[in-house]
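Taken from TrEMBL as is:
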- 1-16: compositional bias 'Basic residues' (COMPBIAS)
- 21-70: domain 'BZIP' (DOMAIN)
- 1-20: region 'Disordered' (REGION)
- 90-115: region 'Disordered' (REGION)
Amino acid sequence: VIGGKVKKPGKRGRKPAKIDLKAKLERSRQSARECRARKKLRYQYLEELVSSRERAICALREELEMYKQWCMAMDQGKIPSEIKALLTGEEQGKAQQNSTKLAKAGKTEANSSNP
């Protein structure tokens, strides 16, 4: 006797309702199907992620090998044509930027002197 009430032996809480066994099995099967479908999608996503990372790794290895070859050529006193192209491209780009800036500055000065 606890607090004036008689304690009954057995499980506590709500008693399970009698559920239709076939419905319960069908829900379980459906849940398993959905779980397998989610698992399949997850594995497909991970496989695509792995393959894209592998492609990126290969591209980086090729780039690294190219830089190694450039360094070896420069150690021998040769400047690779790719580097020359990069340098001349940068110089041309800088020249174009400077000429564009000068042209804009000239237009600004012309506009400010003519009221």
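Each Cβ is built from the backbone N, Cα and C atoms, and glycine gets one as well.
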The domain 'BZIP' (21-70), counted residue by residue under DSSP: helix, strand, coil: 50 helix, 0 strand, 0 coil
Average model confidence [pLDDT] within the domain 'BZIP' (21-70): 96
